[in-house]
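**Student:** After the structure tokens below, expect a handful of questions from me.
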Amino acid sequence: MAKQRFERTKPHVNIGTIGHVDHGKTTLTAAITKVLAEKGKAQFMAYDAIDKAPEERERGITINTSHVEYETDARHYAHVDCPGHADYVKNMITGAAQMDGAILVVSAADGPMPQTREHILLARQVGVPAIVVFLNKCDMVDDEELLELVELEVRELLNQYEFPGDEIPFIRGSALKALEGDPKYVKAIEELMDAVDSYIPTPQRDADKPFLMPIEDVFTITGRGTVVTGRVERGKCKVGDQVEIVGLREESKTTVVTGLEMFRKILDEVQAGDNVGALLRGIEKKEVERGQVLAKPGSIKPHTKFSGAIYVLTKEEGGRHSPFFNGYRPQFYFRTTDVTGTIKLPEGVEMVMPGDNVEIAVELIHPIAIEEGLRFAVREGGRTVASGRVTKVSE
């Protein structure tokens, strides 16, 4: 069967369902596809098809995730749904599923539960920009006051984790009733998608961000100078642009790009996603190395101290068999290189077990170009023992 072409006519947004186990995340995902399928904007996926999430391995970590796609009048969506709580933790921290926004599903019959809180915290840790709430199972609650109470509790919880709890759209509905075709509840799904369309912001495209290219290799072309190669992570760069070489050294160096090539062909401009070689003016081979980045001057700084949220691999995932303690000194792998760093655990945390999710403070032995949101792997003896994301940079 020939593959269909992906038509890029609408903005693309990545979202996912989050919330406590059995509050109806997967049923809601199925209901969204059913309601939109009736408008010709999705392919209906039944609960069972989504629930049998295929097992994926992302950086050695086993994750079960279901990917569903659909569109509204305004946008094209890729939607992720995970069957188990551990899958969410791994998925969000390792960045296997980037979310531009999330639908938090809360059962009106139960109110917020422990994982409701954990998933809101996770969304905060990994920088999910916006959340819309779907109060599910409203057909089981006759008492208007009870619904208001649940809504109030969830809004307070969102405020606690620095989401604008008072502004977030709340949609009341029943995913199961919508699947059964009950018009009142089908309308609630339509309202939910309108809220997602309007409240979750369209992400800025990588091409529009400031230029950044991690350096993978450095070599000299006789008579021309030093060339660095790598894949452009974001932004654009033209011949003649000023760039800064950041990381690993005390001083960042500014230089000019005097030539760009891709697939052995010369070009004037490169952009996010391109694998390129950049010729740098007046830079000797020994002044630049793998692990540094080429960036728009002033757009990123080198740091040795940062805080991060990490997921620690289990031994089944190839991680450690034993816990680690305060002062643990593994390697931190950022973009293209490993740097040794020391881990400081939060107050009151004695040790970290395989399978845990924890916030850590790190001090690296060399400065690296880091910023909030950057993902990293924690490695020991060449194998990954944890996967994480920078939550804050200090100095």
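A Cβ is built for glycine as well, from the same backbone N, Cα and C atoms used for every other residue.
This is the feature table in Swiss-Prot:
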type	residues	note
BINDING	19-26, 81-85, 136-139	GTP binding site
BINDING	THR26	Mg(2+) binding site
DOMAIN	10-204	domain 'tr-type G'
REGION	19-26	region 'G1'
REGION	60-64	region 'G2'
REGION	81-84	region 'G3'
REGION	136-139	region 'G4'
**Student:** If I take the alpha carbons of CYS82 (GTP binding site) and THR26 (Mg(2+) binding site), what is the distance between them in whole Å?
**Tutor:** 8
**Student:** How many neighbouring Cβ atoms, not counting its own, are there within 10 Å of the Cβ of CYS82 (GTP binding site)?
**Tutor:** 24
**Student:** Mean pLDDT over the domain 'tr-type G' (10-204): what is the value?
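**Tutor:** Overall, the domain 'tr-type G' (10-204) comes to a mean pLDDT of 90.
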**Student:** Do you know which of the binding-site residues LYS25, HIS85 has the most other C-beta atoms within 10 angstroms of its C-beta?
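**Tutor:** Output for this query is LYS25.
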**Student:** Give the distance between the Cα atoms of CYS138 (GTP binding site) and THR26 (Mg(2+) binding site), rounded to the nearest whole Å.
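**Tutor:** So the Cα of THR26 (Mg(2+) binding site) lies 16 Å away from that of CYS138 (GTP binding site).
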**Student:** What three-state secondary structure does DSSP assign to GLY19 (GTP binding site)?
**Tutor:** strand
**Student:** Within its own chain, what residues at least 6 apart in sequence put their Cβ under 8 Å from the Cβ of THR26 (Mg(2+) binding site), listed in sequence order?
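**Tutor:** Spatial neighbours, sequence-distant, of THR26 (Mg(2+) binding site): THR17, TYR47, ILE50, ASP51, SER66, ASP81, PRO83.
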**Student:** Which chain-mates of GLY19 (GTP binding site) that are at least 6 residues away have a CB under 8 A from its CB, listed by sequence?
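**Tutor:** Listed in sequence order: LYS25, LEU104, VAL105, VAL106, GLN115, THR116, HIS119.
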**Student:** Can you count helix, strand and coil residues in the region 'G4' (136-139) using DSSP?
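**Tutor:** In the region 'G4' (136-139), the DSSP-based counts are 2 helix, 1 strand, 1 coil.
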**Student:** Residue counts in helix (H, G, I), strand (E, B) and coil for the region 'G3' (81-84), per DSSP?
**Tutor:** 0 helix, 1 strand, 3 coil
**Student:** Quick check on the binding-site residues ASP22, CYS138: which one has the highest count of other Cβ atoms within 10 Å of its Cβ?
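**Tutor:** Compared across ASP22, CYS138, the most Cβ atoms within 10 Å surround CYS138.
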